[in-house]
């Protein structure tokens, strides 16, 4: 199986961290609701919406980095650049962050069940696969908040709002751990990288994901907690069974809505012009 070393000398992404009381008590910046009395114009965000496609991880990774470089070039020229968000699913793959070691793999890396990529994002090892919605915001934090902890909390907040507003599922953060949890189950993993205040990598939300491949790793380096998905939570609750494809559609719509509101962005759908992406 392919092992790719992709560590770059950029600003480190953050995955696990310990929060001080001040950080823990700090509220996520409130969202401004645009209405007739609010004349602030939201910034444009180019959206490559491939949520119903399986995109190979290596292609999406290279794509992100090329967009980051384009934005950095514009910034160096003192030109404005729109934010970007990519939404997709991946073919089955394991990715390792900057904190990862092979101790968290329950298999010989030379005989891995899927490709394994060592990346420059923060955090440990995780799995991506069909039924998991992956969101890669590539945004200029100079236009938002130049604070990586704030950015991580905002990504968590987006998922928490999706679960609450769409399914009335109460999700939460856990002190000292990055991600989103429902009870003892982690439903969303987050790992980022930032270069000159341009973000990439992002969040992965388990919707209908087959959870079996998580058994072959120690997800995010956490041994004493489970991984869950929205489908399982709904089956355990009062909502009952929901068709897999319909569930993906519903979560996708909610995810984009909450993302645009949280970061005050106007989503503009784009067409993927590079046939090599798919």
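Glycine residues also receive a Cβ, built from the backbone N, Cα and C atoms like all the rest.
Per Swiss-Prot, transit peptide is recorded for 1-19.
Sequence annotations record features per position, and here Swiss-Prot assigns domain 'BPL/LPL catalytic' to 79-267.
Residues or ranges marked as substrate binding site by Swiss-Prot: 121, 122, 123, 124, 125, 126, 127, 128, 189, 190, 191, 202, 203, 204. Secondary structure from DSSP puts residue 125 (substrate binding site) in a beta strand.
According to its DSSP assignment, residue 186 (site 'Lowers pKa of active site Cys') is in a strand. Same-chain residues at least 6 positions away in sequence with a Cβ under 8 Å from that of residue 186 (site 'Lowers pKa of active site Cys') are, in sequence order, 179, 180, 219, 220, 222, 225, 226, 227, 228. Taken from Swiss-Prot, the feature site 'Lowers pKa of active site Cys' applies to 186, supported by sequence analysis.
Within 10 Å of the C-beta atom of residue 220 (active site, acyl-thioester intermediate) sit 26 other C-beta atoms, taking all shown protein chains into account. The active site, acyl-thioester intermediate annotation in Swiss-Prot covers 220, and the record cites similarity to another entry as its basis.
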For residue 127 (substrate binding site): intrachain residues, at least 6 apart, with Cβ closer than 8 Å: 92, 93, 94, 114, 213, 214, 217, 219
Fewest other Cβ within 10 angstroms of its own Cβ, chosen from the binding-site residues 123, 191: 123
